[in-house]
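Student: Can you keep this structure in mind? I'll have questions shortly.
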Ligand SMILES: Cc1ncc(COP(=O)(O)OP(=O)(O)O)c(N)n1
Ligand SMILES: Cc1ncsc1CCOP(=O)(O)O
Ligand SMILES: [Mg+2]
């Protein structure tokens, strides 16, 4: 499945939640307008069961499901791709295992050089952030809004912004050059279908 060019990118919040709760929440996020979903689970219980259900749910709605960190899990589940950070596997390993059509997203933090290099290696999208303080990843390094502006001029693949993004601060990032907003807490800490719809509305206000 193709990675969308713009929109809300929902990342699962799994800690202390049952698989059923996570599935219900992701369903609500999609109904609210999320265009891509990442299964991120740092303390997995039964990731094959939950991951498999999420693949099924996302595909029912025509939304790609990307697995965080784990190429092998993505292959086993038949997910659409993988998201890789600096401590994870590299793009060549991901392409070898998942095929050349797989979605491969990469974290670039605040580095344009890293983004250019990984775009050349075949990344599907790049992610910058964190832009605001994040209770989901408190130690994530900060990124500058200017990085999005530079990235917009230099890159031709979708640009994802992440980190502490709320409906109230997301438009600033979109106007600076982000194409997608990746969100955990701003969605799943809240009245989620309504929050998803509030993010979704931002994409209609973005400056041309
Ligand atoms: C869309 C998106 N952007 C950034 C990240 C962070 O990836 P990484 O730096 O590998 O950190 P962890 O998520 O593995 O803790 C992401 N997952 N998704
Ligand atoms: C995984 C990740 N990488 C940088 S910030 C972050 C967490 C994003 O979650 P939230 O939207 O709750 O700040
Ligand atoms: Mg990672």
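All positions are counted from 1 along the displayed chain.
Here the Cβ of each residue, glycine as well, is placed from N, Cα and C on the backbone.
Annotations for this protein, taken from TrEMBL, read as follows:
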BINDING   38, 39, 40, 41, 42, 68, 107, 137  4-amino-2-methyl-5-(diphosphooxymethyl)pyrimidine binding site
BINDING   69, 88  Mg(2+) binding site
DOMAIN    8-186  domain 'Thiamine phosphate synthase/TenI'
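Describe the structural surroundings of these features, if you would.
Tutor: Here residue 38 (4-amino-2-methyl-5-(diphosphooxymethyl)pyrimidine binding site) comes close to 9, 10, 11, 12, 65, 66, 67, 68, 83, 105, 182: these same-chain residues lie at least six apart in sequence, with C-beta atoms under 8 angstroms from its C-beta.
According to its DSSP assignment, residue 69 (Mg(2+) binding site) is coil. Residue 69 (Mg(2+) binding site) has a Cβ environment of 17 other Cβ atoms inside 10 Å.
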Student: Looking at 4-amino-2-methyl-5-(diphosphooxymethyl)pyrimidine and its recorded binding residues 38, 39, 40, 41, 42, 68, 107, 137, figure out the farthest C-alpha pair and report it in angstrom, whole number.
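Tutor: The 4-amino-2-methyl-5-(diphosphooxymethyl)pyrimidine-binding residues span at most 17 Å between Cα atoms.
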Student: Do me a favour and check the Cα-Cα span between residue 41 (4-amino-2-methyl-5-(diphosphooxymethyl)pyrimidine binding site) and residue 88 (Mg(2+) binding site); whole Å is fine.
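Tutor: Checking the Cα atoms of residue 41 (4-amino-2-methyl-5-(diphosphooxymethyl)pyrimidine binding site) and residue 88 (Mg(2+) binding site) gives a distance of 14 Å.
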Student: Cβ-Cβ under 8 Å from residue 39 (4-amino-2-methyl-5-(diphosphooxymethyl)pyrimidine binding site), same chain, 6 or more residues apart: which ones?
Tutor: 12, 47, 50, 51, 54, 65, 66, 67, 68, 79
Student: Return the residues near residue 137 (4-amino-2-methyl-5-(diphosphooxymethyl)pyrimidine binding site) by Cβ distance under 8 Å, restricted to its own chain and a separation of at least 6 in sequence.
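Tutor: Expected: 130, 163.
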